[in-house]
């Protein structure tokens with residue numbers, strides 16, 4: 001295939017441009033390692049100075065690369081199994097549609113069976129707690145290596161296969177954003193595979209390892225640990241059950257596959273989203289006998305209301321959006337009010353999408369809060385995910401805003417007048 005150095009016209013730089021693309025790949029991996037170190041420390045203070053630094057020996061274990069590469073290979077094998085249906089993605093620049101296997105939920109179920117078998121065989125799954133730092137180091141290393149491969153291989157991709165935002169001609173920026181939109185090895189789609197498989201299912205496995213470590217230390221799992229595991233398992237299972245919906249998201253449709261997504265999928269998600277479970281291993285939440293019943297009842301009620309409301313809004317709004325994008329004439333969305341655009345597409349202005357512009361983000365944030373509440377209120381660390389996710393979604397909403405305004409023009413301005421609130425009704 002011809003070597004392709006052609007740049008995309010007028011590609012607008014994001015994430016602070018070249019400076020951001022240079023600094024983020026340095027500071028985000030250090031942030032992951034720092035948070036894991038803080039999580040294991042007695043004080044668990046993210047503001048502690050001097051910061052908690054582990055001995056070099058704690059950063060490496062020869063078992064870690066074996067587990068990381070074995071995990072990637074196992075999930076790749078599940079991806080290639082002929083189970084589930086095959087779905088088509090959105091139309092590409094050349095008018096074609098790529099095909100994707102919808103079998104992520106099958107992979108989760110098979111993984112659950114293998115975990116059960118491991119327990120039956122007496123494997124020490126709680127040892128994952130000791131391996132968290134070495135595993136994170138290896139996942140970060142794999143992220144850099146895969147990103148480098150993707151950047152180099154993208155020069156042999158046809159021009160229509162490149163992502164506009166990651167094809168600026170600046171090596172540092174393009175390495176970070178990703179030059180190629182849908183890099184594949186044969187029919188194996190690397191971006192789609194990483195989006196929901198090794199990191200998301202790995203998050204659940206790490207959580208379960210933390211639960212087993214707590215059982216080793218205290219003979220039983222705490223209510224807080226069970227709630228964290230249960231809520232986050234529900235989130236992952238739902239994402240994989242509705243895997244087809246990811247084919248219409250910005251990550252798949254718009255963003256190239258570079259370090260930004262690779263690191264997020266393989267290192268950031270499994271090792272920062274599991275912070276609550278890791279925190280509870282070292283900092284168990286105890287309840288006094290006198291107030292136990294009242295506190296547990298109140299906490300569970302708050303959690304129940306948050307998680308149910310968040311999950312319902314998140315799933316209903318995402319399902320509504322996905323169905324409308326795929327088939328606007330479907331009975332479930334055909335009666336919703338819309339605004340016509342010059343592109344021939346229509347914008348939803350009723351249902352969940354008439355309440356705020358991003359109701360799925362609102363549901364996500366409610367669930368994030370519910371995951372942190374079991375960890376109590378004495379430490380900031382378990383709420384890192386809520387703070388980070390709020391910043392992430394506000395930033396992503398701003399990216400969506402720029403993209404949609406450029407794409408839909410006056411129709412988007414009309415939509416914004418009809419739906420003035422972005423994420424939080426009557427607030428933002």
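Heads up, the Cβ atoms here are built off N, Cα and C, so glycines get one too.
Per TrEMBL, these features apply:
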- 21-43: transmembrane segment (TRANSMEM)
- 63-81: transmembrane segment (TRANSMEM)
- 102-121: transmembrane segment (TRANSMEM)
- 127-152: transmembrane segment (TRANSMEM)
- 220-237: transmembrane segment (TRANSMEM)
- 257-282: transmembrane segment (TRANSMEM)
- 294-314: transmembrane segment (TRANSMEM)
- 368-394: transmembrane segment (TRANSMEM)
Can the transmembrane segment (368-394) be said to touch the transmembrane segment (220-237) if we require at least 3 CB pairs below 8 Å and skip pairs under 6 apart in sequence?
yes
Selected stretch (most C-beta pairs under 8 A with the transmembrane segment (127-152)) from 21-43, 63-81, 102-121, 220-237, 257-282:
257-282
Based on Cβ pairs under 8 Å, which of the stretches 21-43, 102-121, 257-282 lies most in contact with the transmembrane segment (63-81)?
102-121
Given the transmembrane segment (102-121), its same-chain partners at Cβ distance under 8 Å and 6+ residues beyond its ends are 75, 78-79, 81, 83-87, 196-197, 201, 204-205, 208, 212, 236-237, 239-241, 243-244
If we skip the immediate neighbours and take only residues 6+ beyond the ends of the transmembrane segment (21-43), which ones have a Cβ under 8 Å from one of its Cβ atoms?
15, 51-54, 59, 132-133, 136-137, 140, 143-144, 170, 172-173, 175-177, 259-260, 263, 267-268, 271-272, 275, 278-279, 282, 381, 384
Cβ under 8 Å to the transmembrane segment (257-282), counting only same-chain residues 6 or more beyond its ends: which ones?
15, 24-25, 28-29, 32, 35-36, 39-42, 44, 129, 132, 135-136, 139-140, 142-144, 146-147, 150-151, 163, 166, 174-183, 190-191, 194-195, 198-200, 202-203, 206-207, 210-211, 213-214, 217, 222, 224-225, 228-229, 232, 251, 371-372, 374-375, 379, 381-382, 384-385, 388
